[in-house]
Amino acid sequence: MSKIVKVLGREIIDSRGNPTVEAEVHLESGFVGMAAAPSGASTGSREALELRDGDKARFLGKGVLKAVAAVNGPIAEALIGKDAKNQAEIDQIMIDLDGTDNKANFGANAILAVSLANAKAAAAAKSMPLYAHIAELNGTPGVFSMPLPMMNIINGGEHADNNVDIQEFMIQPVGAKTLKEGLRIGAEVFHNLAKVLKSKGYSTAVGDEGGFAPNLKSNAEALEVIAEAVAAAGYELGKDVTLAMDCAASEFFDKEAGIYNMKGEGKTFTSEEFNHYLAELANQFPIVSIEDGLDESDWAGFKHQTELLGDKLQLVGDDLFVTNTKILAEGIEKGVANSILIKFNQIGSLTETLAAIKMAKDAGYTAVISHRSGETEDATIADLAVGTAAGQIKTGSMSRSDRVAKYNQLIRIEEALGEKAPFNGLKEVKGQ
């Protein structure tokens with residue numbers, strides 16, 4: 001029934017107009033799973049390798065024909081005849097065949113696309129939704145929850161062509177009783193934010209993740225205009241809607257000088273000064289979560305940040321941990337951050353992703369399931385969030401089909417599961 005008979009890779013286009021890898025896994029029973037790898041813009045230096053061709057004559061060097069060739073060649077040969085239900089075995093075969101610590105031979109984009117396609121094929125063979133199959137792979141069959149969305153409604157940093165240093169300003173619809181109601185709140189705030197920005201003469205063009213990307217006077221002004229939009233939508237900031245930020249601070253860290261250079265504001269900070277800057281913002285606004293608040297290598301600074309803010313705020317490690325259990329284990333041991341961002345292309349397989357989520361939860365850290373800035377219509381992260389009962393998801397704003405595809409899948413899942421998948425809102429956020 002679930003024996004693999006064919007593995008196929010192809011080059012498709014992502015939401016930024018760059019190529020990415022799509023894979024199909026065909027089973028003897030006729031079931032097929034298909035999945036595509038996402039791609040990041042602000043990336044951690046210790047992420048698994050995304051293999052690009054480097055041929056400047058094609059897609060400005062960003063082609064993925066080498067990764068596709070790995071799928072259609074050695075990966076396909078190794079997996080044909082194997083049982084798709086044995087996800088850990090499938091993933092380990094590809095990891096061993098690649099033979100590197102960071103999947104540099106085949107590319108994490110090749111291995112991940114096949115890994116996810118395999119999971120989809122196996123779920124189909126078992127006549128169950130992907131989220132239910134993921135729950136079984138996770139060792140938590142039948143345990144589900146609907147995630148609280150972190151909705152990125154103002155884009156800056158590497159995700160936008162503007163002067164805003166902090167990469168993401170997000171809202172969380174914590175006053176909602178259901179995921180679907182939360183999305184309605186998010187949409188209403190998003191539309192009111194457009195009106196607020198227009199009234200101030202700001203652009204309402206959007207960035208990579210569907211949030212607005214205006215040139216603002218300061219990072220604090222981003223929070224101020226969001227606060228205005230929340231009120232204009234008829235909601236109470238701090239009660240119905242809370243705030244979150246992804247600083248992506250590695251992108252404005254001057255390694256040689258050892259300072260954080262926020263060019264948009266013309267300010268520089270030491271690690272300790274930047275931690276106090278974030279603390280001041282959190283005092284002024286109901287910010288409940290801060291991601292990558294320092295450079296990925298600034299572990300001493302992160303330790304100070306955790307001591308300063310960790311009992312009050314969720315401190316999420318993205319570039320810091322890169323969905324890697326070895327690095328996460330070090331962070332847990334040293335008491336650095338209290339949450340991990342989960343991006344399965346940072347590590348390159350579903351099995352390793354599930355291991356990172358489990359390690360985080362076992363240590364009392366939260367796990368936030370995340371998209372990348374380069375996405376496709378693939379909505380697997382919605383099923384991952386529900387099937388692991390992770391509790392939180394980051395998948396962009398209320399525009400761009402590559403973002404909304406994930407929200408729409410969550411709506412379908414909530415409809416199917418009903419009370420079996422509670423929406424716990426702010427209770428899911430560390431420190432709240």
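Glycine too: its Cβ is placed from the backbone N, Cα and C atoms.
Residues annotated as active site, proton donor in Swiss-Prot: E209. Per Swiss-Prot, the feature active site, proton acceptor maps to K343. The (2R)-2-phosphoglycerate binding site feature in Swiss-Prot is assigned to Q167, K343, R372, S373, K394. As annotated by Swiss-Prot, Mg(2+) binding site applies to D246, E291, D318.
Known features from Swiss-Prot, placed on the structure.
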residue: Q167; record: (2R)-2-phosphoglycerate binding site; DSSP (3 states): coil
residue: E209; record: active site, proton donor; DSSP (3 states): coil
residue: D246; record: Mg(2+) binding site; DSSP (3 states): strand
residue: E291; record: Mg(2+) binding site; DSSP (3 states): strand
residue: D318; record: Mg(2+) binding site; DSSP (3 states): coil
residue: K343; record: active site, proton acceptor; DSSP (3 states): coil
residue: R372; record: (2R)-2-phosphoglycerate binding site; DSSP (3 states): coil
residue: K394; record: (2R)-2-phosphoglycerate binding site; DSSP (3 states): strand
Report the residues of the chain - excluding D246, E291, D318 - with C-beta within 8 Å of the mean position of the site's C-beta atoms, for the recorded Mg(2+) site, in sequence order.
Q167, E168, M245, C247, A248, I290, D292, V316, G317, D319, L341, S370, K394
If you count Cβ atoms within 10 Å of the Cβ of Q167 ((2R)-2-phosphoglycerate binding site), leaving out that atom itself, what do you get?
28
Taking Cα atoms as reference points, which of the recorded positions E209, E291, D318, K343 is nearest to S373 ((2R)-2-phosphoglycerate binding site)?
E209
Taking the Cα of the residue listed as 'active site, proton donor' as the centre, which of the recorded positions listed as D246, E291, D318, K343, R372 lie within 10 Å of it?
R372
Neighbourhood of D318 (Mg(2+) binding site) by C-beta distance under 8 A, where only residues 6 or more apart in the same chain count:
G44, D246, A248, E291, D292, I340, L341, K343, S370
Position of peak Cβ density within 10 Å, selected from the recorded positions K343, K394:
K394
Is it possible to get the count of other C-beta atoms within 10 angstroms of the C-beta of D246 (Mg(2+) binding site)?
29
Taking the Cβ of S373 ((2R)-2-phosphoglycerate binding site) as the centre, count every other Cβ atom within 10 Å, in any protein chain shown.
26
Could you tell me which of these recorded positions, E209, E291, has the fewest other Cβ atoms within 10 Å of its Cβ?
E291
